[in-house]
Amino acid sequence: MYNHNKIEKKWQKYWLDNKTFKFVDNPNNPKKFYVLDMFPYPSGKGLHVGHPKGYTATDVISRFKRLNGYDVLHPIGWDAFGLPAEQYALETNNHPHTFTQQNIKIFRKQLQMIGFDFDYDKEVDTTDPQFYQWTQWIFVQLYKHNLAEIQDIDVNWCENLGTVLSNEEVVLNDKNERVSERGGHPVVRKPMKQWVLKIVDYADKLLDGLNEVEFSESLKSLQRNWIGKSIGTNVQFKIKDSHLALDVFTTRIDTIYGAQYLVVAPEHPILKSIVSEQQASVVQAYVDQTKKISDLDRIADTNKTGVFSGTYAINPINQEIIPIWVSDYVLMNFATGAVMGVPAHDERDYAFAKKYDLPIKSVIDTKQSLPYTGDGLHINSPMINGLNIEQSQNILNDYLVKNHLAKRVVNYKLRNWIFSRQRYWGEPFPVLFDENNQIKIIEDLPVLLPNLDEFKPSKTGESPLANAQEWLYVEIDGKKYRRETNTMPQWAGSSWYFLAYILKNEDGSYTPLNSEEAKKRFAKWLPVDVYIGGQEHAVLHLLYARFWHRFLYDIGVVPTKEPFYKVINQGMILGENNEKMSKSKGNVINPDDIIASHGADTLRIYEMFMGPLTASLPWSPDGLDAMRKWLDRVYRLYHNLSELEVVEDVNKLNEEIIITYHTLIKNYTKAINEQAFNIAISEMMVFVNVLYKNKVINYKLLDNFLILLSCFAPHLAEELYSLNHSESVCLQKMPIYDEQKIIAQNVTIPIQINGKLKHTINVLRDTNAEQLINLALACEQVKQAIGDQPIKKQIVVVNKIINFVI
C-alpha cells in the first residue's frame, strides 16, 4: 500500500512550483479546447464530495485534450458577491469581504489537494474591482441599447432580509405562508422601483440559439419551457352594462364559441372598476389571500380557487352573456391577465367549471370523454362548423381582426429580469440621479463599492449604501448628483465570467473587454467547448449568461452567438441510502477526510467510476475501498518486479497483451470524448488484469498506460512515471493505437456436425473456406463423428464457423 499523503503533497508542490499547468496560448496551434466548471460560491462550509464530481470530469477532459496537443483553457474562479455571503457575515459579525477572502483561501487549498490542473494565474473573483468594472461596463451598454430601465414593479419583499427576492427564492412554510427560502422570513408583495433588464426582448434569439448548441433535450426543454413562447390572439370582450372592455388572451381562438366564463387575475387593474357592489368584499378578501401565494404555487396542478366578480361580459362572436370570475391561477404578468374559460376543451377550465358548477359546452365533435383537447371538426360554432382547428383559427382570426375585435399576438412566460438588490455586497450601479431624478451614466469605471462597517439592511427598502454619505453624493461641473444605492444581483458576475478568464493576464490585470486584443482572443477561444455544472443552474444562470453573451454578440464584442457549445449537468452524489446529503441527516461527507484516509487519486477515480456522469448515485464506502485497492495494484506493477517478467522488446509480448493494449487506447479515447469516464477506467482495469495474468510487463507499454492513468489519478501516475523519466507525465503525448493490432492474428473456429459442436481448430485469420474444410476433415474427432455417412452440405463462414450436415 503506497503512502498517498506523501506522494500527493510532493506532486502538488511540484506542479505549483514548476507551473506545470500554466495556460498556453500558442498562436500557431489551431487546436484549442475550453473546458469550464460552473465556478463556486465560496461559502463557509467548503467543498463536499459532490463538488469534485464535476471538477474531476472537467479535469479529466482538460488533461486528455492537453495530451492530444490542444491548447487548453481550464480555469477556476469565485462567484463571491451576493446575498449568502452578506447574510453569513451579518450572522457571524464579520465583514463580507474578509469572510469571502478567507473562504476563497480554504476552497483554493481544497482544490489543490485534489490535484486539479487549474492555472491559478487565470483565477477570477467577481468582487475584484478589475473584474466588476466590466460587469458595470456591460450594464452601461445594456442601458445605452434600451435594455435596462427603472420600472415600478410588484416584487417579493422580505423585510427581515431587507431585499427583494426572486420567485425562485420564495417558498411556502407549513402554514402555507410565503417565506424566504433562506431563513424562512415572511415575504410580501410590494410595489418598488427596480432596475429591470429586458431579457424578453431576446426571447426569440434565445429560443433560436438552442438549435445551435449541443445540450441534452431535457435541458433544452427546460429553457424552452421557461421562456414559454405562446402565439395566440387577444380578444376584446365588452363588459355588460359598461363602456369598459376586457382583453383576453387565448391560443385556441377556435374554441371561442365554447367560452362559458372569463377569468381575470386578482391583480388585474380593471377589477376595481367592474366588481359588483355585492361581491366587492368577497373579491377583496380573495385578492388579499392571493398576495400570500407565490406565482409558482398559483399555477401548480392543485385545486383551483376563485370567486365570482358579480359582473358579466359579452362574447364578441355570438353575443352570449358569460360571467367574469377572479382566480389565482391566472397571472397578471403573463399576457393580458385574463383568459376565457372553455371547460369542454381545457383540463384546467374543466376542473374549475366542475368545482363551481359552471356550464360546459362542447364545440369539437368527439366520442372521447371531456375535456377533449385534440383536433377535430367543430360543432355548435356557426362560422366554422365542420372545420378543423387550423382552418377554424384562420377564419376566426381574420374575422375578429378585420372587425377590430382582436389582434394576433406573441406572449412569453419569461419575465424581464429584476436586476437590483437592496443589499450592500454586490456590484454598484454606474448610475447617478440629478435633483429631478434624471439618470446620468458613469463612464469612468469601475465605480468602487465603499467599505462600510455598518451594512445591515434597512426595513424600508433603502439599501445600506444610502448610509455611505461621503460616497453617496457626487458633484460634476457644479451640479450635484446622488448615486444609485441598489446593487446588482449575484447573477451579474456569473453572466460573463467565462469571458473574463480569456481576458485575465498573468500579472493579474484584464485585457479590456471592448479591445481589439479581446476580439483576437475571443476568436480563438469561443465558444466554451464543454461546460459542466449542477442541474440547479440549468435554467436561470444559463439563460442569463446566454442573454448577455447574445447581446455582446449583437454589439460586436464577441464572435459567437452562443457562449457554450456543450453543457452537461452532472448528477448528485447521494448518501449511502440514496438520500440527498444534508447536515440534518448527518450524511455529509467531507472530501478532506477521504483524501486523508484514501488519497485524492482514489476520490477522483472513484467518483468517475461510480456510473454515468449525469446520473445521481449513492456514495459507497466499499466502492471507495475497491478503487484504492486497484490503485495499490497499479503501484505494485512497478514495485513487485520479482513477481513479473520484464520483456524489453514489445514485439516479443504475446498477442493477448498487444491486443488489450491497443484496444485500451482506442476505447479509452472514445470513452473520454463521450464523457463515459467509468468505461475509460474499466478499460484500464482490463489492461492491468491482463498484465498480472501473463506475469509480464513492458516499460514502454506501462509508461503509456501511466499517461492514460494521469488523467484520472495524476499523483500516482507522476510518481511511477518519475521512476524512469525526469519530465512530467502530464505533459506527454497521447499514445496512438494501431487498428490492425487490435485484430487477433489467429482465430478459433468451432466445428459443428448437424449444428452440434464437436471440435475447434485454431487457424490464421482469413483462412479461406476450402482450407478450413480440409483442416476440419483432417481432425480425428470430426472423422469419428462423421464415420461412413455422406456429407450432404458444408456450411462455412470464414473466421466464424464450420458446420457439416450429414
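Backbone N, Cα and C atoms are what each Cβ position is placed from, and that goes for glycine too.
Quantities reported herein were computed from a predicted structural model and do not represent experimental measurements.
According to Swiss-Prot, the feature motif ''HIGH' region' maps to residues 40-51, out of the candidate ranges 40-51, 364-375, 484-495, 508-519.
Your range for motif ''KMSKS' region', going by Swiss-Prot and the list 315-319, 475-479, 580-584, is 580-584. Packing against the motif ''HIGH' region' (40-51) from elsewhere in the chain are residues 78-80, 82, 84-85, 88, 92, 99-100, 103-104, 106-107, 110-111, 490, 572-573, 581, 588-592, 594, 603, 607, 619: each is 6 or more residues past its ends and has a CB under 8 Å from a CB in it. For the motif ''HIGH' region' (40-51), the predicted model reports an average pLDDT of 81.
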